[in-house]
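Engineer: First, the structure itself, so that you have it in front of you.
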Amino acid sequence: MPADNLPPGAHAASLDKNTGTGTRPGGGVPQRLAQAALRDVPWEIGVAKPDPAIVVENVTRTFGGLTAVSVDHLEVQRGGITGLIGPNGAGKTTLFNLLTGFDQPNTGTWSYNGKPLGKLAPHQVARLGVVRTFQLTKALSRLTVLQNMLLGAQGQRGESFLRALVPGTWRAQEKANTEKAMDLLRRFKLDAKKDEFAGTLSGGQRKLLEMARALMSDPQVVMLDEPMAGVNPALTQSLLGHVKDLREEGMTVIFVEHDMDVVRDISDWVVVMAAGRVIAEGPPESISQNQAVVDAYLGAHHDAPLTVEEEDQVLAQAGAAIAQEEHGGGEVLGTDSTTGRTER
Amino acid sequence: MGDLLNAFAVAGKSALGFQAVFFALLAIGLNVHFGYTGLLNFGQIAFAMLGGFGIAISVTQWGWNFWVGVLVGLAASVVLALLLGLPTLRLRADYLAIATIAAAEGLRLLFRSVSASPVTGGTRGLAAFNGDFIALAPWDTSRRYSVLGTRWSGGELWVALVGWVLVALMCLLVWLLMRSPWGRVLKAIREDEDAVRALGKNVYLYKMQSLVLGGMIGALGGMVYVVATGAANPDQFQNANTFLAYTALILGGAARVLGPVVGAIILLFVVQFADTALRALIENGIIPGELLSSTDVAQIRFVLVGLGLMLLLVFRPQGIFGDRREVMLDAR
């Protein structure tokens, strides 16, 4: 792996900065637990984690001739924030769908806390404490914000057909759930909107609502599919804070994101996918220097800033090409200069 | 003027009679399916037919008690709901629509076929099975009574009364269910199934419960219909009735407890009023005979209802009871 040019102990400044936000009581301490646990883990694909919550084994999913996901081995550390990144079409969402039972794999197994999840339906996965949000936000438009929240609560007695007819059996539980929902809504600053239809909320508020609704089920693992997509920068900061809060409450967070600043800011560990495979994993600071990642994102023939030597090399090549062109061989220019750069 | 009053009275009888009960019950069932759960059931009439024939066959062919027949009818509608739901409810909404519309038409053709006539009576249908029920009426059913300027037979009154009590009970049931967490799950499924799955609810089970419940309410509608007419004939159960029930539902407002009931009453009133009033106008020469003959009225009245419905959807898309804000969310 070409990712070893930073010692594992060298933390990016952004990560240390996070622990100093200080607005949340006790913030930072649990975060360091996950981070410290991952400190001595080598930056290798499929590496074993000290305390894995989710273990994925040989999972493949093909759509016709296209292999959307082909993951040999992947472990997700408990209590940490794992960022899942990769270019469009890398299979991130498909992997999410597989892990949460929304899609069935062609081969492979995965387990959560040692329990195999492979054959479970989505609602069974959710009942085990693994909840997800969706890339395209699924606010339940014609339910009010509060009803959206109450739907997230688990083990509701009034959700059984016969007990629903006897309000006495579920009213007390409903009241407790409503209080819990209002607490969460206050935390996400949606409490003023509780009686509005969710369909009237803005895109960012819907993202907040979806996250808050997922938290109503007291999950242990939260899987967020592009939680920041289409959200303005101010709200992104607030969402980031909420995601960090989840970790501080001891939840395991897996999230898909395209914004590298966000990923660097909050992840304890980053998994990079491209063309269905995991091509790199490691702490966030290891990723940006990883050649496989850079190639996957930008293509092998990208325009990176040049070093002095490279610049000299390119200039020399260009000079040679111009000289050649003057002798009549014009088509050489493009191919020559690009191959020179990718071999650095 | 007398004709006009008469038209009102006739239309009023129709809007309070067993036909309104029939459509109200069909529409309440569809409201559970479509209004609350988002299931597209285009064959509600099949449930009604099974309900009606459940009584008719049990009593006339097998010699069972009337009330056992009611249970047979309800059980048959549950079986139909399960048969339709098991393969289709895991799929997209369209598949249930296709399966139900095919089942409704297929079952009717099966019931009227020659090979089924030893049981169902074929195209002639079955009769004389409602005696036990009519005998329960607290008044003399052989007399005719005058109510609001129209003549009702004692039996008609009795069936209509029991029918409206049934409608009230079903409304109460739907109201109780839809204010509970169970109803909240149904409404959430209507909005987005996958989101509900991700929150740990067994969507398939809830959709099945909804399909069975709405189908049973539809079966009750069919029972009221055959008991009121005293005969069960497969051709009474044309699938056009399903769509009239949808009309009633949308007219009154979907996902509202009383929407389908008020919708059914208004629908039958308007259809019958248009019929009687147009005939009166033609007879009195106010509408010239060359323009419209009284034989065309039966068709023209539905054209008028259609026009009225279009105007309603333009100016009040939420129906009579619906919440405009709620309907407008879809347009975003």
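Backbone N, Cα and C atoms are what each Cβ position is placed from, and that goes for glycine too.
Annotation comment: TrEMBL describes B:15-32, B:39-60, B:66-86, B:157-178, B:211-231, B:243-271, B:298-315 as transmembrane segment.
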Engineer: Between the transmembrane segment (B:211-231) and the transmembrane segment (B:39-60), are there at least three Cβ pairs closer than 8 Å, leaving out pairs fewer than 6 positions apart?
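Structural biologist: Yes, the transmembrane segment (B:211-231) contacts the transmembrane segment (B:39-60).
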Engineer: For the transmembrane segment (B:298-315), which recorded stretch in the set B:39-60, B:157-178, B:243-271 gives the largest number of Cβ pairs separated by under 8 Å?
Structural biologist: B:243-271
Engineer: To the transmembrane segment (B:157-178), which of B:39-60, B:66-86, B:243-271 is linked by the most Cβ pairs under 8 Å?
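Structural biologist: Ranked by Cβ pairs under 8 Å, first place goes to B:243-271.
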